[in-house]
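Peer 1: TrEMBL feature annotations, pasted as is:
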- 30-49: transmembrane segment (TRANSMEM)
- 49-424: domain 'Cation/H+ exchanger transmembrane' (DOMAIN)
- 61-77: transmembrane segment (TRANSMEM)
- 97-114: transmembrane segment (TRANSMEM)
- 126-148: transmembrane segment (TRANSMEM)
- 160-182: transmembrane segment (TRANSMEM)
- 194-217: transmembrane segment (TRANSMEM)
- 223-243: transmembrane segment (TRANSMEM)
- 264-297: transmembrane segment (TRANSMEM)
- 342-367: transmembrane segment (TRANSMEM)
- 374-394: transmembrane segment (TRANSMEM)
- 406-428: transmembrane segment (TRANSMEM)
- 481-621: domain 'Cation/H(+) antiporter central' (DOMAIN)
- 624-758: domain 'Cation/H(+) antiporter C-terminal' (DOMAIN)
- 763-807: region 'Disordered' (REGION)
Amino acid sequence: MAGHAAAGVCAAPMQATSHGAFQGDNPLDYALPLAILQICLVVVVTRGLAYLLRPLRQPRVIAEIIGGVLLGPSALGRSSKFLHAVFPAKSLPVLDTLANLGLLFFLFLVGLELDIAAIRRTGKKALAIALAGISVPFALGIGTSFAFRATIVKGAPQAPFLVFMGVALSITAFPVLARILAELKLLTTDIGRMAMSAAAVNDVAAWILLALAVALSGDGSPIISLWVLLTATGFVIAVCVLLRPLLAWMAHRSPEGEPVKEVYICATLAIVLAAGFVTDVIGIHALFGAFMVGIVVPKDGPFAGVLIEKVEDLISGLFLPLYFVSSGLKTDVATIRGAKSWGLLVLVILNACLGKIGGTVLASLIVKIPVREAVALGFLMNTKGLVELIVLNIGRDRKVLNDESFAIMVLMALFTTFITTPIVMAIYKPARPSAPYKRRTVEGGAPADADSELRVLACFHSNRNIPTLLNLVESTRGTGRHRLAMYAMHLVELSERSSAISMVHRTRRNAMPFFNSGDKTEQMVVAFEAFQQLSAVRVKPMTAISDLETIHRDVIDSAAEKRAAVVIMPYHKLLQHDGSFHSLGSQYHAVNKRVLRGAPCSVAILVDRGLGGHSQVAAKNVEFSVAMLFFGGADDREALAYATRMSEHPGVAVTVTRFRPSRPSSGDAADEAAMEAFKGKVEAVKDGSAMYEDVEASAKEEVLQAINSLSKSNMFVVGRMPPTEPLVERPEELGPVGSYLASSEFKTSASVLVIKRYDPATNPASKRFDPKARPPVATDVEDEEMGGAGGSASVVPVPWTPQNDLA
């Protein structure tokens, strides 16, 4: 027995690879195949849970924490066969090494996302909220630690345990908070910007406090802890003084538009590992070195972006989830037994919520933030996540926390993060404008509406859509000054990738609706500024940052807030060099369908074939021919109203071709009235800017022939659902005529605008935008001039002058 015990203690380490099952080897007894199985299992479980929790709008970190706990001794690990086969004790050093290596590079990415310059510009309000949100829960954490030490953690060292508990309760998970804000459409609102600024300050303070806790948790004397702190301070100074200029030199030698040299990428990643090694030697954990390197990497230019692209998918997708499983294997919920332990769990949850929420709400009220927003901000700041797990794991590894206290703290972090989304959804309801939303169509329901300012919400995915969009809006501006207001909304996808948060930072820091900081951004900004100054159109750039499954809500809500008469959406296919169209994907297609279904006004889909070329055409040089195809029905009448407005431009010639449909339209009287009004305009103008022709075409072939004869026009304007048979076999959301005009069968270089008229009968969802259905609220005077509410639920109005201070 003694020999067996000795053999068990001195068991040989696992070999890397097996000889294969046919040679009699069990692959699970070898390190590499077992690690592959563990990674695959972790990815499947965590991604599966993330999919299941998606309807609850929970961030992915919740799924990863739960997945780690389920794979550990709390659930599946209760089966000794499963635990010994998939996560044997001898494999844990390899698993922990891979997990910490992934965590090392992930903390490097987190450092890349933190902009110290932006934090220094944090306004006084956000700074006060951040300090209150750290100090109050830290004090309550210290108080809670005495209850733990008196009951379940009696042998823990006092000073480190106090600091660890204070840090654990005072942390706000910066990346997780950003995901929740994006999910709730609050990322670029006032409350979202305040929360992000406060969380960034909180994040830096938490790392400083954690470094202090790690230094104090050593087994040596206080003198050793002091040496650790002093050496760590010297390391930070060395990184800023010596390493930062080297990284800045590499970034400077990586100009925009040129590939970053592979040697610079390799050198930077090696520096990350070396910095981790140095901080591990110092005694404050390898993560701090990687985090510091990420902070000092220059954020401007392509260098940081290329580093993120090279690292994040592999690390975030495969290696980081291993850290959650590594934590889950140490979390045994079964250790929480008896009234005393469960009472401590309730106590720590209450103190965490009371300290973080109470401190944030108190500070918010002092700086004159409304009560409802202050409470929502408190719950948002109570978000925990990966940094919380890092703190708890370091505390457990340093023997500051035992298994029971570790499990209690993990459940606290899980609970406080899980409740954030539903509670904020219930508490915070962004105000709607009280001003009446009368004009929901281009045509206008009353003569006064037709003469009022036309508000257009023009959306685009990339800069290649902008020239056509500007040329279209210029052609639509009508007569007189201030007849049209354009809200140019940049639709930015917020993916699961961590670097999307960096995109949010740049959007706000640059005060521009574009992510890339280079020549293209400058060109687009100049284009918008020039268009606004030289045209009779007022332009207000905006940015919507959201995932593609919900970004349609940004468009719909913004259209209601700005009281737009028409929303222009980009077609989900891009024009190729050979004249064909390439689809951006089914998700972009679905965005347009959802906007068509739920918009509170008319919707137009713009098929971009380069109206006016690849640049904006000056107003005096505009010379476009527009063909409007009229079959009848509400959509065609709306398209006719749009084309009529285009004919008011001195450089636009509009030809309306009326087809006699194969079956009668339900709105014949309305169609006749619309056509008579246009004919009256044709007779009134003598410059040929408006023309009308009647075509007798009942068969499909006759319709196609008539349309093909107009193929040399610069633009087609058509209704989405005219009463005619489809001109293609499977018409898309563009309808029976628009689908043909956008197909490869139709040989033309003309762009196409397909318009759907707003109809509340077929769009019941838009009734929620009826101002009579909600209590009136105050509307900001400045935004009322442009037509919207003071605080957008999903987008941020972008000023032309950078202004970051939230004070």
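Cβ from N, Cα, C; glycine included.
In TrEMBL, annotation is done automatically, which means it is predicted and not curated.
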Peer 1: What does the DSSP secondary structure composition of the domain 'Cation/H(+) antiporter C-terminal' (624-758) look like, as residue counts for helix, strand and coil?
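Peer 2: Output for the domain 'Cation/H(+) antiporter C-terminal' (624-758) reads 46 helix, 32 strand, 57 coil.
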Peer 1: Give, as a single whole number between 0 and 100, the mean pLDDT over the domain 'Cation/H(+) antiporter C-terminal' (624-758).
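Peer 2: Mean pLDDT, the domain 'Cation/H(+) antiporter C-terminal' (624-758): 85.
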Peer 1: With the transmembrane segment (374-394) as the reference, which stretch in 97-114, 223-243, 406-428 has the largest tally of C-beta pairs below 8 Å?
Peer 2: 406-428
Peer 1: Does the transmembrane segment (61-77) come near the transmembrane segment (97-114), with 3+ Cβ pairs under 8 Å (pairs 6 or more apart)?
Peer 2: no
Peer 1: Which of 30-49, 126-148, 194-217, 264-297 has the most Cβ pairs closer than 8 Å to the transmembrane segment (342-367)?
Peer 2: 126-148
